[in-house]
Protein chains: 2
Amino acid sequence: MTRIWNFSAGPAALPEEVLKQAQEELLDWQGAGCSVMEMSHRGKEFMSILAQAEADLRELMGIPEQYRVLFLQGGATQQFAQIPMNLLAGRSADYIVTGSWSKKAYKEAQRIGTVRCAASTEESGFTRLPTAEEIKLDPFAAYLHVCTNETIHGVEIPAQRIADTGVPLVADMSSHILSRPVPVEKFGVIYAGAQKNIGPSGVTLVIIHRDLLGMAPLNIPTVMDYAVMAENGSMLNTPPTYGIYIAGLVFQWLKRQGGLAGIDAVNAEKARILYECIDNSGGFYTNPVDPDCRSRMNVPFVLADGGLDAAFLADAKAAGMLGLKGHKSVGGMRASIYNAVSLDAVQALVGFMNDFAKRNG
Amino acid sequence: MTRIWNFSAGPAALPEEVLKQAQEELLDWQGAGCSVMEMSHRGKEFMSILAQAEADLRELMGIPEQYRVLFLQGGATQQFAQIPMNLLAGRSADYIVTGSWSKKAYKEAQRIGTVRCAASTEESGFTRLPTAEEIKLDPFAAYLHVCTNETIHGVEIPAQRIADTGVPLVADMSSHILSRPVPVEKFGVIYAGAQKNIGPSGVTLVIIHRDLLGMAPLNIPTVMDYAVMAENGSMLNTPPTYGIYIAGLVFQWLKRQGGLAGIDAVNAEKARILYECIDNSGGFYTNPVDPDCRSRMNVPFVLADGGLDAAFLADAKAAGMLGLKGHKSVGGMRASIYNAVSLDAVQALVGFMNDFAKRNG
């Protein structure tokens with residue numbers, strides 16, 4: 001078995017230790033005599049898996065007691081609707097648009113109710129954050145929505161830019177959650193699809209302040225009412241049990257890496273060497289994003305000579321590196337270097353990129 | 001490793017062959033160098049897994065070309081809302097209530113729009129089907145909803161009872177789909193949570209006639225619009241890839257069992273010997289359901305002496321049999337004998353039940 005270097009944007013690489021444990025336990029979880037996939041979600045074995053996953057996540061992120069942790073389905077895309085369905089309560093909400101994903105969230109919310117665009121950097125090609133002056137907030141907004149890491153455009157909002165605006169802050173953290181410490185207490189809602197830094201696709205994590213529960217109208221689907229899901233411990237109906245189990249194994253792996261402080265240091269170094277490679281390539285590779293908000297998880301770059309794209313991807317594949325093709329909306333390349341992508345993998349990528357530039361420059 | 005006899009109502013037993021193949025491929029799917037969990041959903045590997053799963057399901061069920069097959073999230077409970085959100089179109093729909101699940105579907109639909117109860121057998125304790133005379137249909141209904149197998153009450157609607165009523169028939173088949181041949185062409189929509197006969201929880205199957213697509217209003221979540229999901233081949237957003245992969249392995253396993261005709265014969269024999277054991281126990285065990293509509297998948301039964309319940313469960317556990325406790329709303333016991341529960345397992349259960357009755361009768 002040869003494992004590839006996996007730079008996929010998601011579903012993405014998982015820690016090999018996690019996969020090996022899942023493999024060992026696949027037919028018989030810790031002597032239960034059956035797979036986690038075959039267990040009643042209301043039995044004591046799965047209840048313990050769910051409780052441990054939540055406890056580990058709370059410890060990793062330092063989630064205060066007044067927040068509820070929900071393991072849901074439907075992905076961030078479903079949250080784009082679920083957020084306004086639960087939180088608008090007949091009012092208006094503000095959206096800051098800094099890339100494809102926050103733009104999608106804004107458009108989806110328009111189907112549900114009244115929302116405003118408080119700022120957009122689309123005219124820049126989504127290569128920077130809006131300045132404080134550009135952001136026009138409604139002080140009476142039901143909430144302010146941001147995407148703290150734009151997977152496609154590679155734009156990340158640094159934690160120090162998260163300011164209190166007086167309204168609940170709702171953040172899509174799908175593609176950088178658990179990659180660094182986050183001040184949870186500054187947010188009303190944090191949500192994330194699992195398939196980047198948490199586990200397999202099909203699990204959606206929602207961390208919500210209890211004061212935001214109970215505002216949903218009675219005509220939305222019961223499974224989409226955060227308050228009902230919170231009351232039922234994410235088990236109004238059958239949750240995606242196997243995905244939650246894998247997420248729990250990832251949380252345990254993260255704790256063994258020294259928690260979010262530990263992984264933060266590795267992620268910083270991975271991003272540093274990759275951006276350095278791009279910036280020092282003499283224009284062979286370029287990344288268009290303002291260095292103040294470059295993503296540490298998703299690094300899009302283009303080759304000066306787009307005619308070399310196919311050769312780059314073919315040579316990368318020959319070197320065992322996959323998932324490097326950029327999103328079709330921006331073209332070029334993208335290396336997603338999530339938690340489970342090791343420093344070794346990024347060093348190998350940098351080595352390959354330097355060599356490719358030398359051979360083709 | 002000792003595998004238990006698993007009679008859980010869901011998540012439920014999976015074929016051991018499927019689990020073994022999943023275990024082998026867990027870190028490296030067919031030489032791809034990564035797990036199915038780590039693959040881009042838009043890459044050719046996962047696209048081939050999805051296409052094969054759909055093709056095998058179409059072959060197994062004989063799904064006509066004019067039906068679309070969707071792999072969604074959220075479970076049958078989400079469908080309870082999604083069905084009326086998509087199909088009501090300002091009209092009314094009829095519901096036949098034959099157990100807890102169709103009652104839940106009816107109640108959930110009341111949140112969304114106007115629905116009628118066309119018949120209910122609740123007064124019987126959900127132990128029979130309504131007679132033709134008891135069913136009061138609205139000829140102008142947007143659809144008629146039924147649950148063809150009630151997991152909790154053990155009531156199954158035989159295929160010959162499915163009549164054309166002139167309105168689209170919508171069926172929750174969660175707990176008996178793929179257990180026997182079904183005349184798909186009689187239905188407008190067939191839906192099922194995966195965690196009984198399909199695969200792990202977190203996948204929801206929807207089979208919908210194309211004439212029912214495109215009726216949803218524009219203010220529902222995009223992910224809940226069947227037409228959008230059909231246009232995007234279930235990939236508007238990231239689907240639950242690993243669950244779909246396991247479902248695909250289950251479909252291949254079913255083909256090796258001789259398809260639905262093959263598994264039908266095994267299921268008939270399993271149900272026959274278990275009901276025979278109950279009926280021949282001299283009243284030690286009883287099943288209250290009208291023999292004309294007894295479920296072949298979920299067999300609830302009570303012990304005449306409820307004081308023996310704890311001993312029954314403890315002895316069953318000692319004999320390696322789990323998941324036999326009845327649902328709290330009906331009490332007693334329940335054996336769920338889905339496709340992956342072998343005839344051997346049911347024979348073992350019957351042997352245990354006969355022995356327990358002899359020792360305690």
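Cβ coordinates are placed from backbone N, Cα and C, and glycine is handled just like the others.
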Original post:
Hey, TrEMBL has pyridoxal 5'-phosphate bound by A:A76, A:T77, A:W101, A:T151, A:D172, A:N237, A:T238. Any idea which of A:Q30, A:Q52, A:Q195, A:Q257 it lists too?
Top reply: A:Q195
**OP:** Restricting attention to the domain 'Aminotransferase class V' (A:4-349), give the mean pLDDT.
**Re:** 97
Original post:
Given A:T151 (pyridoxal 5'-phosphate binding site) and A:K196 (N6-(pyridoxal phosphate)lysine), what distance in Å do their CA atoms have, once rounded to a whole number?
Top reply: 10
**OP:** Pick the one among the binding-site residues A:T151, A:T238 whose Cβ has the fewest other Cβ atoms within 10 Å in this structure.
**Re:** A:T238
Original post:
Taking the Cβ of A:R42 (L-glutamate binding site) as centre, how many other Cβ atoms lie within 10 Å?
Top reply: 12
**OP:** Could you measure the widest C-alpha to C-alpha distance across A:A76, A:T77, A:W101, A:T151, A:D172, A:Q195, A:N237, A:T238, the residues recorded as binding pyridoxal 5'-phosphate, and give it to a whole number of angstrom?
**Re:** 31
Subject >> recorded positions among A:R42, A:W101, A:T151, A:D172, A:K196 whose Cβ lies under 8 Å from any chain B Cβ >> reply: none
Subject >> A:W101 (pyridoxal 5'-phosphate binding site) versus A:R42 (L-glutamate binding site) - Cα distance in angstrom >> reply: 35
